Amino acid sequence: MGGGRKRGRTQRRHFKQGRENVWKHNPQRPPAGEGGEGREGNPSWQPFATENPAFEEYYKEQQIIPEEEWDDFMSMLRKPLPSTFRINASCQFFQDICSQLENDFRKSLETEVSDEHEEDAIRPLPWYPGNLAWHLNFSRMQLRRNQALESFHEFLKRENEVGNITRQEAVSMVPPLFLNVQPDHHILDMCAAPGSKTFQLLEMIHQSTKPALLPSALVVANDVDVQRCNLLIHQTKRMCTANLIVTNHEAQNFPGCNLAKFCSETCMDEAKLQRLEFDRVLCDVPCSGDGTVRKAPDMWRKWNAGMGNGLHRLQVEIAMRGMGLLKVGGRMVYSTCSMNPVENEAVVAEILRRCGDSVELLDISSELPELVCRPGLSTWKVRDRGSWFGVHEDIPRYRKSVISPSMFPSGKGSQDVEVNTDVVDADMKDSTDMGEEGEQERNTAIDDSNNGDSAKTEEKTEVDCESGEALTRYKKLNFTSTRTEHSDYPLHRCMRIVPHDQNSGAFFIAVLRKHSPLNEIQVVDGVKSEQSISKDKTGKLEEDLGSDKVSSEENIVPQQVVDNTNAVDGEQNGDMDSKSSKDKSSEDAKVIVKETEKAQAGTRDRRQQNQGRWRGVDPVIFFKDEVTIKSIVSFYGIKDSFPLEGHLVTRNPDTSHVKRIYYVSKSVQDVLELNIKVGERLKITSLGLKIFERQSSKEGSPCTFRLSSEGLPLLLPYITKQILYASAIDFQHLLQYRTIKFPDFVDAKFGEEASALLPGCCVVVLREGKINYFS
């Protein structure tokens, strides 16, 4: 359920690191009439160039692929990505969909195979459990344009729209599988939009649950961007779940909810949830995204070596925040769609270094044996402004604040204060980098490290004027460090998925287990030098998150670094809240004190209640109007075994104007109650399953609320009134005609029962074998 007052139209495009739509016109296309024989008769259309010398040089130097495989690797990167989708095993018709794919489409599409390396037009992904994920030997473009595939394409669109399947890149399905989700787990998806992995997690918790029963599990899906939250809500709405909460926070500043901070031990109920922790955390962080070049070919043009450097610090802070929110004994999956070791192994090594023995990097190579993957790297280099560095000591002093020690395999910084005069940076453009135009188009310049080789010499001299001799050399030469490091951590346990192994995109995955509470000293060590970058925006968190303009995570890297206590486990400090921002903490305390004083005086400000804590977002209110609830229960004959008390919520505290009532699971109810007690620290944009909607009837109905189609599958087994069972022909007539007179039903008894119903909403069920159809 959404809670924003000023929602624009939901944007149904893929918000992946703010990139533009990949199938657009080339911005460097020639004018019409200059030789562009275009697609669909468009003379200005040109395909994206699939060349970037800097990209090839970078990854050859990093040795992510053996030299003898390089040509196969690059050849596969230049091919369009085949389409893949996943069947929702918790949906009512998943067995029928599997049968249709296996027996109908698989045979009918055999003649349409488009790749000499593939034998089947469609096939199950061998590594996905239960044959629930399928690989199509067609790109998205081919599916849209090939007439022979039209019926299959329509099938995919229709089933995707109702939530029976989810169209998702194959490698993107891997991280949730390694979480080993159980039916009672509380799960946090830290950077959830656009929502495919969140939907997958919801499938997992519902898959083992019997119909009309809710799992005790919970998924909290978070994203920093309001528009992407809308996309996330739209994606997960297809699941019709009461076990989901969608929040809008910076992942590295995800708020802690610890009741001990807000009330004394005497007023705490041991039977209630005391603090918000998670059994599983999915940390699929913002990244440069160069593993997606097959489906986003504009990445060839945009890519530069500084993109990964600029995101590294944010990725570490998000991962550390996730580790702090994880329960002892829980699993966290860290993943990116990047091939860059600075975004991958370097981040994992830094997590292990900060957390010490509290965290273990797991070997999960045997958990999906048919998934082909490579071990993580133990050594790599960092490229900055045209130069290669193997150790942090070789970084010029004026760049040490940008290129941090954690980017290197050892994670150790230089103890020297002087610049190494043997280190020579290139002030001129590197001929192997993006070229003159590419250097000017660094549109993902998140950090100063993204300024590339085009940085001005004057800036260097101004920063490090005392090292004039060294800086003069930087102008003339590119430096390549001869020293290298190897990480002492078992980074080979990480997993690298490369495109030419199984005709997919590229992905990186690491699975970590938390063995004990994090030690504050372990976490603080290594970030003190980063504190000066920002005093943060979180000092006014309420104002920033409530504003109409919300920055994407990649845009906040230069200004936003979480302070050390943001990653300290609650066992040491009582909570993982941002003690980094004293202003924020004091502001929160003032809010709680003021609300307590008003409650004691019996003069709660109604305007404040209506507005809630978060500007522009409606508050979540437990619906307790007994008169309305009793009328609903009586009208539909809802059994006592269906729990309603404490499970109904709305976004409008004025019961006379409530239009929609939502149902939440017990796990969501517990989190909501905790959130209220701690001063609404969670900014909730959506939650719950819409179950009742206000109706207006000309004839007048004893009940002012009708059943919602989203909530009907959950509620149906508990309804004893306003329900009919129709024959196939009468059910067809109900769907076919706008109005039908009672005597016109083929089954006279059905017509009599229909005429005896009270005015208002009713349910018509067609029983056909074991399948129920609702109308």
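Cβ coordinates come from backbone N, Cα and C, glycine included.
Annotations in TrEMBL come from automatic prediction, not curation.
These features come from TrEMBL:
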type	residues	note
REGION	1-49	region 'Disordered'
COMPBIAS	1-16	compositional bias 'Basic residues'
DOMAIN	73-515	domain 'SAM-dependent MTase RsmB/NOP-type'
BINDING	C191, A192, A193, P194, G195, S196, K197, D223, D284	S-adenosyl-L-methionine binding site
ACT_SITE	C337	active site, nucleophile
REGION	429-464	region 'Disordered'
REGION	526-589	region 'Disordered'
COMPBIAS	553-567	compositional bias 'Polar residues'
What's the number of neighbouring CB atoms sitting within 10 A of the CB on the residue listed as 'active site, nucleophile'? 26
Using Cα coordinates, what distance in whole Å links A193 (S-adenosyl-L-methionine binding site) and C337 (active site, nucleophile)? 14
Who sits close to G195 (S-adenosyl-L-methionine binding site): which same-chain residues at least 6 apart have their Cβ under 8 Å from its Cβ? A221, L231, L232, I233, H234, Q235, T236
In the same chain, outside C191, A192, A193, P194, G195, S196, K197, D223, D284, whose C-beta lies within 8 angstroms of the Cβ mean position for the S-adenosyl-L-methionine site? D189, T198, A221, R228, L232
Chain-internal residues near K197 (S-adenosyl-L-methionine binding site), provided their CB is under 8 angstroms and they sit 6+ positions away: S172, M173, P175, P176, D189, L282, D284
Give the distance between the Cα atoms of the residue listed as 'active site, nucleophile' and C191 (S-adenosyl-L-methionine binding site), rounded to the nearest whole Å. 13
